[in-house]
Amino acid sequence: MDDDGRYRDSRSDFVRGAKDIAKVAKKQVGKKMGRGVDKMADEYTKRSYKRFEEEDDDDDYAAAPSNDGGYYRNDSRANDDEGHSDSTEGHDEDDEIYEGEYQGIPRAESGKAGTVDGGTAAQAQQFRDLSAYESERRKDQEELAQQYETILQECGHGRFQWTLYFVLGLALMADGVEIFVVGFVLPSAEKDMCLSEPNKGMLGLIVYLGMMVGAFVWGGLADRIGRRQTLLISLSINSVFAFFSSFVQGYSSFLFCRLASGVGIGGSIPIVFSYYSEFLAQEKRGEHLSWLCMFWMIGGIYASAMAWAIIPHYGWSFQMGSAYQFHSWRVFVLVCAFPAVAAICALTTMPESPRFYLENGKHDEAWMILKQVHDTNMRAKGYPERVFSVTTIKTVKQMDELVNLGEGASWHLKWRTKLTTLFHQVWSNFQTVFSPEYRRTTYMMMAVWFSMSFSYYGLTVWFPDMIKYLQKQEYSSRTKVFVKERVEHVTFNFTLENQVHRQGQYFNDKFMNLRMKSMVFEDSLFEECFFEDITSSNTFFKNCTFIATLFYNTDLFKYRLINSKLINSTFLHNKEGCLLSDVSDDNNAYMVYFVSFLGTLAVLPGNIVSALLMDKIGRLRMLAGSSVISCISCFFLSFGNSESAMIALLCLFGGISIASWNALDVLTVELYPSDKRTTAFGFLNALCKLAAVLGISIFTSFVGITKAVPILFASGALALGSFLALKLPETRGQVLQ
């Protein structure tokens, strides 16, 4: 009996020992898996733990446990041994390890489930899991939105936000500069590149097409790889190609560089507003986003001032033979890249949006940035002793999107897989903007953005074209007409401008060292005349006869001689150049810069008013009210019969409409959640540029024909936009979704 008892005791001891071994094995496997995950963390996270340990030695709250289980570094990741033993204690009997489990061999019970209905059951389970994941993620986002607003209230508004304001303002300023660059350099660039009218039109529109592509692409990427990183990439592309565009000589290469530059700067607006809004508490958001809009105005003023100071100075140039020329307008293009370069340098000192980190499950990085915001503001306000009391922040549940290619995969396969996965993520995120939850809001916002852009950009380009048309009309009214004049043995060595000579006779006359501007000779006779060193623009000889006449070192090419006869006449050493049909002089150039400067400066009162009232009257009232007043102001266009009247109307329209743009930017930021914010903003901004191209093309086609059509189009679009704006939900006083 004693032998039997000892046998049973030894057997039970053996069984308990086997179970203990299984427990230890399970713990060790859990430890290794946890450590493997920790090793995948980035260097920033590793540094954050060291900083926490160093700082907490002096903090009052370091050892004080919080209500939700204490400071986050005391969780399972802080101590592998304790965390895993606690998590497995009491569950070893139920979760006993099957010896083939870690070899990928299923339990015996799993084989019985492989019936005909196994596939259907798996699909149903997958749908249930996805639905549960979406529900849990939505709940996490709602909790995060409320907690994040509370944290921003504790961090306060101070030095950090103002520093970020000026940094992001430089990026927005670069966007404002980009709009004006091509329009300012076009009169000078057409001389160097011999641009035809279609080429000039394409060069004017290519920037908008590039910005349209850039807004969509960078907006989608900013929701996946981060606001700061995407903005740095987009500004870098803009800077590089803006730099190259100032040196390239051909039209095609210049067109490509401006297209790529537009693609780069296209991400500025959607990212800048989303980025800045995620550092602002709700009572400050509308006001300070409106203040940020002022940098777009500053960009326009900067471009106008630089054009005024640089382009007319033709001495700021050099050339290497006839193949390479670097004129003053290229210096202007180079200077216009400075805001983007400055924005890149300043942005490298700023952190990523903590809201983006929390949406992507990166708690530690977000906590450190929010602590930085809090400490920076408190030190600036004279309260350095105040402690950041937040210990844990809600993060959004993440879906496992890891793709294992194995260790033997080539680098190009890995990159292709990463890019393909990123593309699918961006496209999937874009499709959610049209999900049933956001579909109505998106369609309404599309209509408002399109109507606003169509009228605003159409009119802002139509105004300068109308001013040019009025200038030409006034210039033509001063044309001098000479009929049947007879001139013999006369030397012309002075500028001939804005004249028409009909049925004239010129015998043995010399035209030497002079400029001909807007000169027309019709049905005239030139006999034994001598043309030397002539520079001309908008000059033509129609139905004229040249007998024994010599053309030496002139740009009076044969295509300037329309239906004319050449009898014993010779062209020697013709000048290289282009046929310019426009009236171009320094006074007109200064007028273009001055008009753009005034039109941009006129938005200052509207910016100030919208910033002060945005959080008081609400976004919808600001948007609808400004659109209605802009609509009414369009009817004053019928009274714009002079150059000064058109300039005044341009300033009036710009000053009123800017308030609606500010409200629309704020509304777009607040209507969409953080994980879709820049995607939706980028898409709507891309639609804005498409509407701008259509508006510019349609409105400018009626210059000199009628004012009624542009007035009706602009007023109708603004009225529709103001009506639809009232159907949108008001976001004033709400937390950032």
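For all residues, glycine too, the Cβ spot is worked out from N, Cα and C.
Source: prediction; values computed, not measured.
Features of the protein shown, as given by TrEMBL:
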- 26-95: region 'Disordered' (REGION)
- 35-53: compositional bias 'Basic and acidic residues' (COMPBIAS)
- 74-90: compositional bias 'Basic and acidic residues' (COMPBIAS)
- 162-189: transmembrane segment (TRANSMEM)
- 164-732: domain 'Major facilitator superfamily (MFS) profile' (DOMAIN)
- 201-219: transmembrane segment (TRANSMEM)
- 231-252: transmembrane segment (TRANSMEM)
- 258-277: transmembrane segment (TRANSMEM)
- 289-311: transmembrane segment (TRANSMEM)
- 331-350: transmembrane segment (TRANSMEM)
- 443-463: transmembrane segment (TRANSMEM)
- 590-613: transmembrane segment (TRANSMEM)
- 620-639: transmembrane segment (TRANSMEM)
- 645-667: transmembrane segment (TRANSMEM)
- 679-702: transmembrane segment (TRANSMEM)
- 708-726: transmembrane segment (TRANSMEM)
Here the stretch out of 162-189, 289-311, 443-463, 620-639 with the most C-beta pairs under 8 Å to the transmembrane segment (590-613) is 289-311
For the transmembrane segment (289-311), out of 162-189, 258-277, 443-463, 620-639, 645-667, most C-beta pairs under 8 A are with 162-189
Long-range CB partners for the transmembrane segment (620-639) (under 8 A, at least six residues beyond its ends), listed in sequence order, are 448, 452, 455, 459, 606, 610, 613-614, 645, 649, 652-653, 656-660, 662-664, 667, 707-708, 710-711, 714-715, 718-719, 721-723, 725-726, 728, 730
Confidence over the domain 'Major facilitator superfamily (MFS) profile' (164-732), expressed as mean pLDDT on the 0 to 100 scale, is 85
Relative to the transmembrane segment (331-350), the stretch among 162-189, 258-277, 443-463, 645-667, 679-702 with the most Cβ pairs under 8 Å is 162-189
Under 8 Å Cβ-Cβ from the transmembrane segment (258-277), and at least six residues away from its ends along the same chain, one finds 164-165, 168, 171-172, 174-175, 178, 181-182, 203, 206-219, 221-222, 227-228, 230-231, 234-242, 245, 285, 288-289, 292, 340, 353, 665-666, 668-670, 677-678, 681-682, 685-686, 689, 736
